[in-house]
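Enquirer: Quick one: structure below, then a few questions.
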Amino acid sequence: MAFLALGINHKTASVDVRERVAFTPEQLVDALQQLCRLTSSREAAILSTCNRSELYIEQDHLSADAVLQWLADYHRLSLDELRASAYVHEEHEAVKHMMRVASGLDSLVLGEPQILGQMKSAYAVAREAGTVGPLLGRLFQATFSAAKQVRTDTAIGENPVSVAFAAVSLAKQIFADLGRSQALLIGAGETITLVARHLHEQGVRRIVVANRTLERASILAEQFGAHAVLLADIPQELANSDIVISSTASQLPILGKGAVESALKQRRHKPIFMVDIAVPRDIETEVGELDDVYLYTVDDLHDVVAENLKSRQGAAQAAEELVSVGAEDFMLRLRELAAVDVLRAYRQQSERLRDEELQKALRLLANGGNPEDVLAQLARGLTNKLLHAPSVQLKKLSAEGRLDALAMAQELFALNEGSTDKSPQ
């Protein structure tokens with residue numbers, strides 16, 4: 001086996017380079033087939049996300065330079081430019097790297113779960129392209145198992161490490177069933193987009209996006225089946241909102257105490273969960289003084305994120321140990337599998353010799369031969385034939401002074417000095 005894992009990621013390459021080395025979903029099947037054809041790779045898979053583009057390859061002989069040249073040519077980059085950002089892992093280190101990636105240990109956000117799904121998609125596309133064989137098939141399954149064990153046996157994925165996810169996690173603590181809740185999101189930037197995605201994934205009943213311009217609110221709302229309104233419509237929406245999360249660039253507060261008091265009266269003081277992620281603040285601090293309002297600021301969330309990141313870093317050490325064990329186990333099984341073909345051929349050869357001697361013995365018995373003599377001849381003949389080829393090779397190795405091979409043969413046949421018969425002196 002000659003196995004390679006190579007590519008670029010957020011730690012080694014700028015966004016500009018990552019964009020140029022990324023593969024679109026439509027390119028992948030053709031790229032995989034071309035990669036195998038032009039680089040003498042027997043098996044290949046490509047993982048391409050916003051933070052990394054990696055190639056997993058099995059070859060007869062390691063040829064990282066040829067693969068890097070292909071990658072540079074495919075994306076019309078200079079080889080020197082690509083080489084400056086690329087990393088190459090071989091054999092055991094390549095297996096370990098692949099398992100670390102799938103477990104979220106190499107991610108921009110430590111322990112993020114999306115990468116495992118992306119790895120599974122890479123495997124599915126490679127199977128579709130016909131570039132997955134015995135090695136990658138086994139390796140992907142071992143990788144998925146290792147990542148699952150990391151998720152199950154460590155706390156690396158349990159605590160949110162983004163402000164958006166932390167906000168949604170706090171909402172889940174207050175509302176046991178988000179599927180019965182309505183959310184009002186104020187703003188339409190990157191953070192609110194992440195909040196909308198997390199809420200949508202949690203099955204929130206209804207999402208309303210309020211923004212200064214209806215066009216931007218509508219673009220975001222369409223992604224998650226939400227409803228778009230203007231900032232001026234917030235008072236009407238507030239009374240129906242169980243969750244309010246705001247993140248705008250406004251220099252003045254958007255929500256005041258009076259508007260929230262009015263909404264609470266209409267809600268008959270049913271609680272409202274509010275998160276103000278904006279700096280400067282979108283929600284007046286006095287709103288937090290109201291009964292039935294749970295108001296959190298960006299600083300509150302940063303404390304949660306920092307504590308959770310510390311927890312994840314502690315869990316990462318245990319996860320690294322699990323990945324190391326998983327990689328070692330895979331390499332051990334792979335080395336054991338390497339003997340399967342040899343053992344199969346040796347068994348077939350032995351069975352052929354056995355059948356030849358057995359047929360000879362049956363003919364002798366049919367012609368009236370003495371059974372004891374026939375059995376003795378069968379045993380001698382089979383022993384001689386089984387030992388013939390090894391004997392010839394051992395004599396040849398001895399004549400060549402290959403003492404290492406002789407020692408290996410002694411170990412192979414479980415021989416030692418005390419096990420051989422010695423003639424009387």
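Cβ atoms are placed via backbone N, Cα and C, with glycine included.
Swiss-Prot lists CYS50 with the feature active site, nucleophile, giving sequence analysis as the kind of evidence. Here Swiss-Prot flags THR49, CYS50, ASN51, ARG52, SER107, GLU112, PRO113, GLN114, GLN118 as substrate binding site, drawing on sequence analysis. Annotated NADP(+) binding site per Swiss-Prot: GLY187, ALA188, GLY189, GLU190, THR191, ILE192, in sequence order. Residues or ranges marked as site 'Important for activity' in Swiss-Prot: HIS97.
For each feature listed, report its degree of burial, its nearest neighbours and the pertinent distances within the displayed model.
Expert: Within the same chain, residues at least six positions away from CYS50 (active site, nucleophile) with a Cβ under 8 Å of its Cβ are ARG18, ALA22.
Here GLY189 (NADP(+) binding site) comes close to SER247, THR248, ALA249: these same-chain residues lie at least six apart in sequence, with C-beta atoms under 8 angstroms from its C-beta.
HIS97 (site 'Important for activity') falls within a helical segment according to DSSP. Counting every protein chain shown, the number of other Cβ atoms lying within 10 Å of the Cβ of HIS97 (site 'Important for activity') is 23.
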Enquirer: May I ask for the distance between HIS97 (site 'Important for activity') and GLY187 (NADP(+) binding site), taken between their Cα atoms and rounded to an integer number of Å?
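Expert: Given the Cα positions, HIS97 (site 'Important for activity') is 39 Å from GLY187 (NADP(+) binding site).
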Enquirer: Give me the CA-CA distance between PRO113 (substrate binding site) and GLU190 (NADP(+) binding site), in Å, as a whole number.
Expert: 19
Enquirer: Return the count of C-beta atoms lying within 10 angstroms of the C-beta of GLU190 (NADP(+) binding site), excluding that atom itself.
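Expert: There are 10 of them.
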Enquirer: Quick check: which same-chain residues outside GLY187, ALA188, GLY189, GLU190, THR191, ILE192 lie with their CB within 8 A of the centre of the NADP(+) site CB atoms?
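Expert: What remains near the Cβ centre is LEU185, THR193, LEU194, VAL195, LEU220, SER247, THR248.
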Enquirer: Test of understanding: give the count of other CB atoms lying within 10 angstroms of the CB of PRO113 (substrate binding site).
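Expert: By my count, 14.
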Enquirer: If you run the three-state DSSP split on SER107 (substrate binding site), which class comes out?
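Expert: It is coil.
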Enquirer: Under a criterion of Cβ-Cβ distance under 8 Å and sequence separation of at least 6, what residues of the same chain contact ALA188 (NADP(+) binding site)?
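Expert: Same-chain residues close to ALA188 (NADP(+) binding site) (Cβ under 8 Å, separated by 6 or more) are VAL209, ASN211, ARG216, ALA217, ILE219, LEU220.
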